[in-house]
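Read through the structure below, which is laid out as structure tokens, and then see the notes.
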Amino acid sequence: MKLVAVTSCPTGIAHTYMAAEALSEAAKAAGHELEVETQGSAGLDRLDPATIAAADAVIFAADVEVRERDRFDGKPTVVAKVKDGINRPAELIERAVAAAAEAPAASTPAAAVPAAGVSPATKAEEGASWAGRLRGWLMTGVSYMIPFVAAGGILIALAFLIGGPEIASKVNGGTFDGHTYKGVSDLTLILNQFGVAGVMFKIGATSFSMLVPILAGFIAYAMADRPGLVPGVVAGLLASAVGAGFLGGLIGGLLAGAIVLQLVRLDVPRAIAGVMPVVIIPLVSTLVVGFVMLVVVGKPIASATNGMTGWLNGLGDSNKILLGLIVGAMMAFDLGGPVNKVAYTFGLASLSAGNLNIMAAVMAAGMTPPIALALATVVRPKLFNDAERKAGEAAWLLGASFITEGAIPFAAADPVRVIPSMMAGSAVTGALSMAFDATSRAPHGGIWVVGLIGHPLLYLVAILAGIGVSAASVVALKSRRILVPSGDAVAAAAPSSRGVVAA
Amino acid sequence: MSQIITPDLVDLDLPGTDRVAATRALAERLVAAGRVTDLDGFLADVAAREAQMPTGLEGGIGIPHARSAHVSEPSLAFGRCAAGVDFGAEDGPAHLVFLIAAPDGEGAEHMKILASLARRLIHASFKDGLNQAADPAAAATFITQEIAA
């Protein structure tokens, strides 16, 4: 059996080490492996987290508070005086072995992982309500995704600022205000061709390309621990590849986690059990979830995309304000996902056909969600957790730069309340932009292309109106949630490995 | 750095009195060797530690000790007492008394030698060796070797 112990005493020069030695001798005599951490005056040699993770039980022979005790959370534990460690070491070893035997089998991967330092920022507490655990999983994915949103989004915004908003079209290729660009031909030449702004844009865009994989990967990780990461990340990459956006990644991550949890619980023959964690679980879970994303999810999204595009084209110029309302709501529905893409592409197509109104409505509607959420985190900080408030700080700039993805962290954490709120405001903005006859000659750039906007002041009014509607809606919906008592795991988002013990 | 124990820090015929007197007798040797600068100050620190929890251990061992500002280097004074001195252990008086003096402060390096000493104390062979030591020089050499091992 593998054991770990911590010894400590008031002075830290004698008993600490005597107990450590006595326990080691007793463990050796009884045929167990024991590693001891002496918290004495000769310094603290921390046990390797891997050793703690592998231990079947923990012995505390300590007369003073064990330092960093949370590292051992969830382990079967024997607590004793330091003198017991010296005088009765064999008895403590016996008690530890008994405690390990009584504890529920610690062999599921969920119980074997993360020691201090690697535990995710948020994990669903055991015993929380189903909705609370779901929110905990989503929040874990979101908390890992936020740095990618912030780093990528701010780099892109800075690239716009330095190189002008046309930098995106220059690097990616495309048309901007009548100029058509080929895009970067060879990445190694990007600095020469497009300067620092081009480099910053490319780096930002690359960080952005990881949003959905990271979200999906860490949702699955929150559910199933380390084995969930591979199928989750692959599901996210495939969600991006088939254009399923963050909602596709969210579903892919949940699916990946669920598949791994099922595989872990399978009762397999001994011969196979050994290769389960290394080969079978990653292989099967990735294959299944990948197949679903690629084959089952991909096709319907493609046909839905085509259907919506045809529908928008059919609406044509029949009712400008209605069209603005619809494309506005679509922009906010999945914030960069397939529906958003349909609306944006419709705007681009209209732009190249010479209709500048729809492009303006689309861009305005894409700017409101991040700004509205940033505003909401400032107005009612209590409705958001720490990770969301941090995301809110970056969201101002992202929204102003028409980087709608800045709202994804909020939408992924609480889609049911956030998405309708964002759609309402963006629909208002889209409709108003059309009503004011605002135009945009730029396909992107947000506030930085104000010079290419027709009726800029009214355009600003349209954007502010949408921000107000969205922020008010999201605050109202989230306030209602607080009133309903629920086992919300995320309220206690403290970094802790406590929720790790498998049921 | 010198050894933590030298022959003049060993008393193989410690009088069987009480723990205060026994500790004082050993502490006087540390003062004479220049390792403790203030006898009463050091004894007060040892007494304070002893008051927290008696330092007698099962198997006839007493380990009065303290980290004290009056100690200049990590030191051990060893006394052997046929009659025994009560150090509060449940199974009777201590026949081997180790007065451990540690300088104050958090110098982890020099504390390691005391940690090695403490680790030796629980081994029966260590106690046997000290019970059999013929003279102070032999006892000091034995302890030094055991710690280095």
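Just so it is clear, glycine is given a Cβ too, placed from its N, Cα and C backbone atoms.
These numbers come from a predicted model, not from an experiment.
Sequence annotations record features per position, and here TrEMBL assigns domain 'PTS EIIB type-2' to A:1-98. Under the heading domain 'PTS EIIC type-2', TrEMBL lists A:134-487. Annotation comment: TrEMBL describes A:142-162, A:199-221, A:233-259, A:271-297, A:318-336, A:356-379, A:391-412, A:457-477 as transmembrane segment.
If you look at the transmembrane segment (A:271-297), the same-chain residues 6 or more away from its ends with a CB under 8 A from one of its CBs are 109, 227-228, 230-232, 234-235, 238-239, 241-242, 244, 248, 251-252, 255-256, 259-260, 263-264.
Remote same-chain residues near the transmembrane segment (A:457-477) are listed as 328, 332, 360, 364-365, 367-369, 371-373, 375-376, 379-380, 383, 410, 417-418, 420-422, 424-430, 432-433, 435-436, 438 (criterion: CB distance under 8 Å, separation of at least six residues from the stretch ends).
Per DSSP, the secondary structure of the domain 'PTS EIIB type-2' (A:1-98) breaks down as 42 helix, 27 strand, 29 coil.
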